[in-house]
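Database features (TrEMBL):
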{"type": "COMPBIAS", "residues": "A:77-89", "note": "compositional bias 'Basic and acidic residues'"}
{"type": "REGION", "residues": "A:63-89", "note": "region 'Disordered'"}
{"type": "TRANSMEM", "residues": "A:12-30", "note": "transmembrane segment"}
{"type": "TRANSMEM", "residues": "A:108-129", "note": "transmembrane segment"}
{"type": "TRANSMEM", "residues": "A:150-177", "note": "transmembrane segment"}
{"type": "TRANSMEM", "residues": "A:197-219", "note": "transmembrane segment"}
{"type": "TRANSMEM", "residues": "A:249-267", "note": "transmembrane segment"}
{"type": "TRANSMEM", "residues": "A:279-302", "note": "transmembrane segment"}
{"type": "TRANSMEM", "residues": "A:322-342", "note": "transmembrane segment"}
{"type": "TRANSMEM", "residues": "A:362-380", "note": "transmembrane segment"}
{"type": "TRANSMEM", "residues": "A:387-407", "note": "transmembrane segment"}
{"type": "TRANSMEM", "residues": "A:419-441", "note": "transmembrane segment"}
Amino acid sequence: MYKVTSKLKIVAFSLIILGALLTAVGFWQVPASQDAVKEMLANEAAHGGGHAIESNEHHDVATVSHGDASHETSVSGEHHGESAHGVSHEDEHAEHVYHQLKNRPWSAVYVAAFFFFMIGLGALAFHAVQKAAQAGWSPVLFRVMEGVSSYILPGGIIMFLLLLATGLGANHIFIWMNEGVDVVGHENYDAIVAGKTGFLNVPFWLFRAGAFLVGWNIYRWNIRKFGLKQDEAEDGDIAWYKKGFKHSAMFLVFFIVTESIMSWDWIMSFDPHWFSTLFGWYVFASMFVSAITAIALVTIFLKSKGYLEFVNDSHIHDLAKFMFGISIFWTYLWFSQFMLIWYSNIPEEVTYFVTRIEDYNIVFFGMVAINFLFPLLILMNSDFKRINWFVVTAGLFIIVGHYLDIYVMVMPSTVGESWFIGFPEIGSFLFFAGLFIFYVFHTISKAPLLVKGDPYVGESKHFHY
Amino acid sequence: MSTKIIHALYTDDDVLLQAVKQVRDKHYHIDEIFTPFPVHGLEKAMGIADTRLAINAFLYGIVGLCVATAMMNYIMIEDWPQNIGGKPSFSYLENLPAFVPIMFELTVFFAAHLMVITFYMRSRLWPFKKAENPDVRTTDDHFLMEIDTHGADVEEATKFLYDTGAVEIKLIDKEAH
């Protein structure tokens, strides 16, 4: 049995407190009004934008020659309607930036909350795959997987509360929720979004989120229960194992449908003018590789503390192979999505990448390099996959890289060119990291680390590659 | 140098693995082992060094990537930068996504084929090559261990091999390869 050490608790709670403080600073930093933003922009223009708050290279361009550039690049992130006919361009721009800055801390929280939630969900899917495939190597890691996937309960509740708050109007990160967006003649009227309100309306959207979360949590609750019951079963009685097998197979069908819809709802609908058919797979690859990485990191941590003496370097090798393979799978999907849209260059689809390449160049391509080149070069060698610090290094790159991946999926449509990785982003990442660490290790401490009675556990203990 | 070698035949791969360990402990020199199928752990038991074929493949892959890049950069960007459907052919980087499928395929192509050819060359396999099979049964269900009797007592070695579970032992003259 593993016991959560006080050191780990201190680390987790300090992450939570520090993260919460930084996030609060992020909310506090939001300018109080549009006039404040106007002043800020004027200051920035005067000082060349160099040392002002959250400066970025687009501010001066946008204020001085407020022409095509800023408008074209922020088609999807536009929050003000065409209300500003009589108002000057200066005002219109200030309003635009004001909305972006208001969205920033909310989006930062959203990205971090979703990122850690998706690690839990990916671990759940990985666990189900291992069960349904009757894998002979992984049963010794089931308790670690159950620990990581347990985060979908608190993480899911937080996600739902965030979505609920958003749906009730606490923030405006989803532009399809704007008032009057589907009312003909309203200043916010948007014919394209109006055509999608059959799917994109708050009640149905919240209902889907709730239904999916309940479905995933039921499976997670069941599979944990079956595992613990199997521990207590008599020798040779594998009824609970069989039950778990059936549930896992059914869950995988449910999962792939709901995961796909979830990615449209929670990520793709940030850009309601844009759509991509492989988006669900793309988000899935991202969550799968982060989850496997998290499992590997937790396994290596527990093993280094001496709690997993039955886990050998062949298990680590297998996890590292998964990290390597799924990283490349993720890159394949990223590239397929990017290249198809880049190649055909259809205006209504390509704006998605235009905003990302123009405003997020470093993060957008940097994250591809981190998520592809580092795992590729670090984890290609078979011997390196058995060396803990190599796997940990690659793992940390993958975790940061996929956080940035989610970041560039969400931010361009909510804060546009006013992005920055500062207090709210780092703060909310630390906050959810602390929560994740605490909850995951808390769950792991609840049950023995080696499953009993699983028909494959003997094979798994002697697994050798 | 002795011209005699011993052929010891086994019928079970577990017995063979056991025998290899004993023979090595006894410091007899194993020339070669013939098996009808891959025996897991045999190369470890025999103390054969790891293959470097994978390293070769990696390097060949890099060659393939370079070939693809150089080829398309020359053809599409330097030699005749036409406007084809509005694709930007001002620099390689600008039109990179369109080249990636070919870069990928040529990397795989070079890595795979050159590695296979390396394998054939290193293991001396080619059409019309004379088979080096000391006993036809080794392609079916027998395992054969070839031991150099160099400096050893043949009598004693034979006795020792019988004890390791060999079902048949032959002392034969070494052919000049």
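Each Cβ is built from the backbone N, Cα and C atoms, and glycine gets one as well.
Using the rule of three or more Cβ pairs under 8 Å, pairs at least 6 apart in sequence, the transmembrane segment (A:419-441) is in contact with the transmembrane segment (A:108-129).
Most Cβ pairs within less than 8 Å of the transmembrane segment (A:362-380), among stretches A:12-30, A:108-129, A:249-267, A:322-342, A:387-407, belong to A:387-407. In summary, the transmembrane segment (A:387-407) does not lie against the transmembrane segment (A:12-30): fewer than three C-beta pairs, each 6 or more positions apart in sequence, are under 8 Å.
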